[in-house]
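Novice: Structure in structure tokens, see below.
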């Protein structure tokens, strides 16, 4: 069995509902604990027992492959009993409300609920109705805190720091919970954040979040240390936000020519799933400057760290 963690960090919050409200110390503590799990996950014995006897329920109202499987793996490696609740076959499909679902689940005494929902604020609402800890695995266009944490860990491991870096977040900022969480985290950690998108894909008043705004890739990528591409979320679009996928790629898709606008040692990220040929081409996505596969690896480590940090606050922990 693997050794106990060296970090004694305890997150001073019962839930992880977003990056908003986390301090620099909170973020740094989670990243430092995550580093231990990166090393653990590269060993033959990947098990710890910090969640032994605990029950983790993954409740996903939106389809997910990466996030749900990452949380499942994280919980099992920490010794938790993990249940994936199928929304498609649940009472929710039969008309049960979110609050009814929360009350029903709470009666089963889960220790940790990992929740993804299509509506912004739904996870926070559910958290008010349960006794255990709740982790937001993405709620509408609001937040996706563990994605921002894994992105920060990936950046820190490859650049040695976050503070002072120029980070360009490019694409469908309007519909992206990943963008919002990353902006909050990166600003807290002292990065210089720039969003790059056509006007139709920028939230009104985005400047108030403390970011620079660029509406073309040449300006947006100039001097960037990190280029973070976002998926074009057509499932959240009701109107014509972009003329066509091919035209979008022509102006805002990342290829080698546009990547050359950034610093020579710039690194490329994408939260996945990728639309190849829409927001990024395969040469860049699979190239030497890409961190996309590493982001997936960091995701398991970060989610293990979050689960452990919250578990330390549970009764009888």
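Note: Cβ is positioned from N, Cα and C throughout, glycine not excepted.
In case it's useful when we look at the structure, here is the feature table from Swiss-Prot:
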BINDING   66, 67, 116, 144, 147, 272, 273  carbamoyl phosphate binding site
BINDING   94, 177, 231  L-aspartate binding site
Novice: For residue 67 (carbamoyl phosphate binding site), which residues in the same chain are close in space, meaning a Cβ under 8 Å from its Cβ, but six or more apart along the sequence?
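Specialist: The answer is 60, 116, 137, 138, 146, 147, 299.
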Novice: Out of 144, 177, 231, which of these binding-site residues shows the lowest number of other CB atoms within 10 Å of its CB?
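Specialist: Lowest Cβ count within 10 Å among the binding-site residues (144, 177, 231) is 231.
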Novice: Cβ within 8 Å of the carbamoyl phosphate site's Cβ centroid: which residues qualify beyond 66, 67, 116, 144, 147, 272, 273?
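Specialist: Sorted by sequence, the hits are 64, 137, 138, 178, 271.
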Novice: Tell me, by DSSP, whether residue 147 (carbamoyl phosphate binding site) is helix, strand or coil?
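Specialist: Residue 147 (carbamoyl phosphate binding site) sits in a helix per DSSP.
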Novice: Three-state secondary structure of residue 231 (L-aspartate binding site) from DSSP?
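Specialist: For residue 231 (L-aspartate binding site) - judged by DSSP and reduced to three states - the answer is coil.
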Novice: Pop the Cα-Cα gap between residue 144 (carbamoyl phosphate binding site) and residue 177 (L-aspartate binding site) into the table, whole Å please.
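Specialist: Residue 177 (L-aspartate binding site) and residue 144 (carbamoyl phosphate binding site) have their Cα atoms 6 Å apart.
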Novice: Let's check the environment of residue 147 (carbamoyl phosphate binding site): how many other CB atoms sit within 10 Å of its CB?
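Specialist: I get 26 for this one.
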